[in-house]
Amino acid sequence: GAPPAPSPFSRPQETLMGKYGEDTKLIYELQDQGGELLALRYDLTVPFARYLAMNKITNMKRYHVAKVYRRDNPATTRGRYREFYQCDFDIAGQFDPMIPDAECLKIVHEILSDLQLGDFVIKVNDRRILNGVFAVCGVPESKFIPACSTVDKLDKVPWEEVRSEMVGEKGLSPEAADRIGEYVQLHGGLDLIERLLQDPKLSQHKVAKEGLGDMKLLFEYLTLFGITGKVSFDLSLARGLDYYTGVIFEAVLLQRHSERGEEPGGVGSVAGGGRYDGLVGMFDPRGRKVPCVGVSIGIERIFSILEQRLEASGEKLRTTETQVLVATPQKHLLAARLKLISELWDAGIKAEMLYKRDPKLLKQLQYCEDTGIPLAAIVGEQELADGVVKLRDVATREEVRV
């Protein structure tokens with residue numbers, strides 16, 4: 001049928017619930033009037049895949065900024081909310097290996113560099129390499145996904161804790177856990193990829209070998225893009241979601257020093273993504289597949305970090321784009337202000353005035369200082385008589401007649 005109108009609802013088909021793995025419990029479920037089960041959308045990737053399938057689109061490059069919902073325990077200080085914005089960028093279509101994937105990483109690098117958030121690292125791994133590691137370490141396939149979500153915690157807790165969760169909760173043998181430990185604590189670049197391609201166990205595993213070959217290709221492209229300095233091939237990166245099929249990545253901001261009680265090292269993930277070649281096929285009635293790779297950037301996370309930085313440095317954040325405040329020094333000049341501001345607005349200049357009939361000049365100038373408006377356009381009786389406007393630079397207090 002025709003695609004549904006865009007809305008924050010998505011139908012939680014079994015397929016959908018299955019794809020969020022352990023995160024399914026974070027989906028907001030609700031019923032509509034007909035008693036049909038709906039869910040608030042959890043991310044922008046699944047709706048995108050569904051849109052491609054419904055409209056039989058086989059290639060598309062797009063970005064999407066919208067709200068998503070998580071039934072999570074919020075931690076507002078760290079920029080973790082139940083309703084928040086995601087900025088997604090995806091490339092769908094059948095292309096040669098790792099070229100679109102490299103471009104996605106280039107974009108993440110560009111965004112994080114431009115935002116000047118400080119030092120960051122983009123961790124990269126591949127689901128195929130990870131599954132290969134589990135396989136050669138003797139983990140039964142039914143336990144790949146639970147093991148994955150445990151490994152993913154390595155950036156927050158030490159290996160000992162991860163190991164005990166694997167053995168205690170996820171039912172892995174201690175031997176398997178120890179073997180996994182030898183791999184998942186590795187991180188590096190091309191040198192590490194080369195080393196693993198020679199690894200007696202991994203190189204025998206067809207899928208892992210394929211993943212490593214692609215990873216090598218990816219790093220060659222990233223070298224050409226000149227961004228390998230910020231990229232780390234990290235075997236502990238697992239990303240919770242089950243819809244990833246190939247390369248996965250996550251960008252983490254690094255702290256120069258630990259702030260009140262935060263674990264030193266990282267502020268947490270500000271962007272993540274990967275390749276999900278099977279997702280579109282799940283929504284297509286005939287199971288037609290469209291390979292996709294994409295990135296999601298968390299705005300609130302980034303905002304909360306920018307706010308903390310500003311607070312720490314004592315800088316003021318300008319919350320308005322207003323360029324000029326239209327002000328009057330005497331009473332009974334509201335008409336002059338309204339006429340002038342109207343002209344400024346019509347000329348595309350961002351202008352404001354105080355919503356008072358007769359504000360005091362000091363109050364108007366104080367407002368400029370408080371909000372960071374750089375200029376005040378002052379029209380008094382004298383200016384009206386001379387047909388001029390007095391333009392005042394709020395910071396330097398210099399005035400020119402225009």
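Every residue, even glycine, has its Cβ placed from backbone N, Cα and C.
Automatic prediction, not curation, is the source of TrEMBL annotations.
With a 10 A radius on its CB, ARG239 (L-histidine binding site) counts 22 other CB atoms from all the protein chains. The annotation L-histidine binding site is assigned in TrEMBL to ASP43, LEU44, THR45, ARG70, GLN86, ASP90, ARG239, TYR243, TYR244.
Regional average pLDDT for the domain 'Aminoacyl-transfer RNA synthetases class-II family profile' (63-329) in the model is 90. Summarising the annotation, TrEMBL assigns domain 'Aminoacyl-transfer RNA synthetases class-II family profile' to 63-329.
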Position of peak Cβ density within 10 Å, selected from the binding-site residues THR45, GLN86: THR45
Site with most surrounding Cβ atoms, counting all protein chains shown within 10 Å, from the binding-site residues ASP43, TYR244: TYR244
